Amino acid sequence: MTLVQFLDHAAVLVFALTGALVASRAQLDIVGFIFIACLTAVGGGTVRDVILNRDAVFWVTEPTFIALASAAAVLVFFTAHLLESRYRALLWLDACALAVAVPAGVGVAIGMGQPWPIVLIMGVVTGCLGGLMRDVVCNEVPLVLKQGELYVTCAFAGAGAALVVLTLTDEPRFALLACACVVFALRAGSLAFGWSLPVYRSRPPRH
Amino acid sequence: MTLVQFLDHAAVLVFALTGALVASRAQLDIVGFIFIACLTAVGGGTVRDVILNRDAVFWVTEPTFIALASAAAVLVFFTAHLLESRYRALLWLDACALAVAVPAGVGVAIGMGQPWPIVLIMGVVTGCLGGLMRDVVCNEVPLVLKQGELYVTCAFAGAGAALVVLTLTDEPRFALLACACVVFALRAGSLAFGWSLPVYRSRPPRH
Amino acid sequence: MTLVQFLDHAAVLVFALTGALVASRAQLDIVGFIFIACLTAVGGGTVRDVILNRDAVFWVTEPTFIALASAAAVLVFFTAHLLESRYRALLWLDACALAVAVPAGVGVAIGMGQPWPIVLIMGVVTGCLGGLMRDVVCNEVPLVLKQGELYVTCAFAGAGAALVVLTLTDEPRFALLACACVVFALRAGSLAFGWSLPVYRSRPPRH
């Protein structure tokens, strides 16, 4: 199993856990858990593969991805009541998922020899769109829209870090590792310490 | 006309009727009716065809699908006021649409020689995503998220029934027929008698 | 640069401005502005290219589109507070974007030799879906659903006008120009003078 394949599997697993947690907040039945978990788990990668016009979407040629996501959904259905705060677990699992999905997207684009702007975008697309579909369908406030939090920024910075490391070392594995670290560090810093960028305000502050 | 083509046409027609009924609840004009009807009618099949990387999306090569959906929208625009309960009509038409769209998706995947997990998923995708797009765009509570109702479960069970019958008889037509019957029976039972699966609750009941 | 390429660039630029204005209403940070601007700018054209199964999505082969949309987002982030009414600016910029995106979609479909129903649909898809994604993600009431306003109708009429002019003159450039004029005239008339089509009402008026 290559590093990109490992990242793809890890992203599917952890995003499926977040999807199932959102399903638990919507009080769905077990098939609803599986549906939302699969949508979240493969949504971003599917859009990536369709846009890049790959020969096949990654989970169509290897349905173990779907089995993995479904197993995660069943696990959450029977154990989520043991969590103290499902929303807190959701936020941190989503951070982990972002930190593996962004390098997975970056790795696929690098492997196809795409130019750097497309590598950057595919990192963001793979990382952010699955969670965005989950939130839009389940009527949660999308995490990408939370004010005063870093989210798309983490994906963007991580993909950028991968490109820098790749230029310096020409070693894709280091690049993907650096990407994962940057994404997780920024997102964890935002969740734990409130790191953020200035947001738009309709009037600038007086001096 | 093959059975799969018939099912595809029927699914487009009936989903278009549901889309137009949702448009009537949003008080749109006649072009809005046509827009929402077409989105609902071809949404699920389009995602299926794009994911399976078929040579062409089904309605691009045969635009009569769009004509059919538009005609359904115009019909509803002028006659929906005759209905006693538009929401009740919407629910039952949606059940019929689900019962033809799931076997349509299953039939396409079988015809392409896809493995069984993909057949299962394409049944669910073709059946559920058009209605999901309709509800997300029109800001209705998605039917797939209704608590204490079977919806995705019906699609899932129907596609599973098709696979079982196909293994036993090796006759795709019987498989698709069984699929349609299972989907409609489960969905109708849920609407009429309240059949449902246990939903997730944050704390398990005390013993 | 051909006329279709010019229209594609103009549509990306102006839709990006509308996306950034919606981001300003949601008080996002600068990366959020870029994310929503890019989603709005390339959303419709991406769906068009995927459905038509073009060799590559338009912005993948030419990433300047993304640079253009990002620049527009940065510009709005620093200057939107100078606007008197951001919502009014949003509506009128969206009208301009619609008036260039519809002929861009029509032009691509004509260039591929698609039959007229597909040309019509691709005009509507390219014009309306980017803004629809923007509104769904940012939880605004989608412009396509506004009661008593023309929106999809403008796209539809413009694409129809293009087909008529193309039949009469066999000159694609005139057709695209006519399309842009019809779209903008109808949408501007709707915004300025309240032009609209009769909407559906649950009971017809008594006589």
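Along the chain as shown, residues are numbered 1 onward.
The backbone N, Cα and C atoms fix where each Cβ goes, glycine too.
The annotation domain 'Glycine transporter' is assigned in TrEMBL to C:6-80 (among others).
Sequence annotations record features per position, and here TrEMBL assigns transmembrane segment to C:6-23 (among others).
Among the features that TrEMBL reports, transmembrane segment is placed at C:30-51 (among others). Note on the transmembrane segment (C:30-51): residues 8, 11-13, 15-20, 22-24, 57-59, 65-66, 68-70, 72-74, 76-77, 101, 104-105, 108-109, 122, 125-134, 137-138 of its chain, located 6 or more positions outside it, place their CB under 8 angstroms from a CB of the stretch.
Sequence annotations record features per position, and here TrEMBL assigns transmembrane segment to C:63-83 (among others). Proximity of distant same-chain residues to the transmembrane segment (C:63-83), defined by a Cβ-Cβ separation under 8 Å and at least 6 residues beyond the stretch ends, is recorded for 8-9, 12-13, 15-17, 19-21, 23-24, 30, 33-34, 36-38, 41-42, 89.
Residues or ranges marked as transmembrane segment in TrEMBL: C:90-110 (among others).
In the predicted structure, the domain 'Glycine transporter' (C:91-165) carries a mean pLDDT of 93. Feature annotation from TrEMBL assigns domain 'Glycine transporter' to C:91-165 (among others).
For C:116-137 (among others), the entry in TrEMBL reads transmembrane segment.
According to TrEMBL, the transmembrane segment annotation covers C:149-168 (among others). Non-local neighbours of the transmembrane segment (C:149-168) in the same chain are 98-99, 102-103, 105-106, 110, 116, 119-120, 122-124, 127-128, 143, 174-176, 178-184, 186-187, 189-191, 195-197; each lies 6+ residues outside the stretch with a CB under 8 Å from one of its CB atoms.
Look at TrEMBL and you will find C:174-197 (among others) tagged as transmembrane segment.
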